[in-house]
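Below is one structure, written out as structure tokens, with a few remarks after it.
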């Protein structure tokens, strides 16, 4: 809301100045500055943000006009020797050059003196000049400080806006939250000195008060998010992460993913709770139930996505499903309820590849360290590569051991220079780490398979907010490639492929149903891609697996028909409230007409409608031709445009497309997900659990808000005073 600051007959609204009686003032904006029209006279002009007087010749016989520039309320003109004059500040008595002979200097330097804090009297008495009546006593006890009787300078921006301690504390709390600053920054001397230089009136609070401010921000943003959830038209899916601290405390993060009434995807952190044992399904179930109750969404849970990859995943998931099914109405008997993180499985498979050749990778790391140890050695290696006419333009670099993509890129670059490594070993007695020919074959095989994982991860990263339908494409191609690779005759390639396929095949069996249902909701593919891909993977048994998917899609759709979600205002606006009984609709459609002699025809139509029921939305959707595949296709926008055509099926699509198939989908985090339980930093883990939750959740929420309010004008304007 625009901030208002009143002064006598003028009021500042936002960045504008208007009279309190609503009448317009004659004013003019020049550059970034608002200047009253009466002050723009003769030689005064606005240049940039400054009001200056243009140089002019004064004929000695001309009548001198009264000076109306604002600065002359603060300066007097005094004659000095040689016919020159100087401008003298009325407050500090400092003088400035003004005229010499027939030339008059500009007034910009005079204006800077009174507006930028150069005048010591104005600097010391700024507050008193704004608030005390004329005739007040200055802080030095030197008597009355002269105050302009009619007008004074003031900025319209925040620099001179009314100071608000509470608002400033709230902004400080948001800064701490967004930038992960420690709460005790408010006690650091350098910080307090900096704040004092900006606003001496700001009272720096203690750590306990700042904790309260952080929690207040958290509560306010939580209320706003709660209102959004109250109008959410569909269900919500949870992405669950496990955390620990250096004190071995356990935390669970719960992020909700959903599609709003405008068919926009959102993911918001809901809770960050401390639990006794995060790896226990009972503790995790309690955390989920608490979160759903806290957000009033007990009947809206659709799926949960876990990033664990333990051997007891089936038992873990079954126990979790059984516990929550007693308190929540799980769709499709809970078959889709527990989803495993795709990014995690990619990382787990990649780690299997790296582990299979860890000895070779160690030698390559040591070789690169040797080459990079000195400029002379690096230059020698470059000369060898040039002599061998190696065409590669890749640069040797060390990897980050926690990010498998960097290991892949390191191996890929080293593979191009394998001859150079061997030549360096024969020409330098200090180097003996060159991999053998068999080692390089292992590296080649590893790079071949790591490329599959690398490309799959980048395909997911290409989408800003990947919907669940995108993951089927990556998963089925990877399943097919690894399945075929296990039959390769080369033992080096086949042995690595077998380890990879064993792990990924477990993921495929657990998740291929939810992946397939998601791609059916893509109008570019529907059941056709499922049929095609399953024929490649399962061969003659494909029809059996296709039927499983088809039956599940129809069963899930029937659940949406029989048990629609509670209507929300957003859904009603989209035309989803037409749930009149079929018999009533058919009666209205076939009501006998009168007076046209076609009563028998109407009865015939009624009989046809009874004997030949119309297709369901799902059957109509599946029977229609596929939507053309284009690069810029937006699946959420397609369903938004077809909501009225498929009112029930669109509800099903909204929930399915919002399933978080991956805990992470962007940045380097996708290459390091699932490397173990994540560690909470010492700063946060030392805080109380409720403050930790406030810091983590509020940071997630605030990043979706505008960073700063619109910056106001900093123009100097004239304000009348009594």
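Any Cβ shown, glycine's included, is placed from N, Cα and C.
Take the Zn(2+) site that Swiss-Prot assigns to 89, 92, 119: the candidate from 109, 113 listed for it is 113. Range with Swiss-Prot annotation region 'Disordered', chosen from 572-592, 593-613, is 572-592. With respect to Cβ neighbours within 10 Å, the binding-site residues 89, 92, 113, 119 differ, and 92 shows the lowest count. Secondary structure of the region 'HATC (Hobo-Ac-Tam3) domain' (617-702) per DSSP, as helix, strand and coil residue counts: 47 helix, 2 strand, 37 coil. Apart from 89, 92, 113, 119, the residues listed for Zn(2+), the same chain places the Cβ atoms of 74, 91, 93, 94, 114, 118, 120, 121, 122 within 8 Å of the centroid of those Cβ atoms.
DSSP assigns residue 113 (Zn(2+) binding site) to a helix in the three-state reduction.
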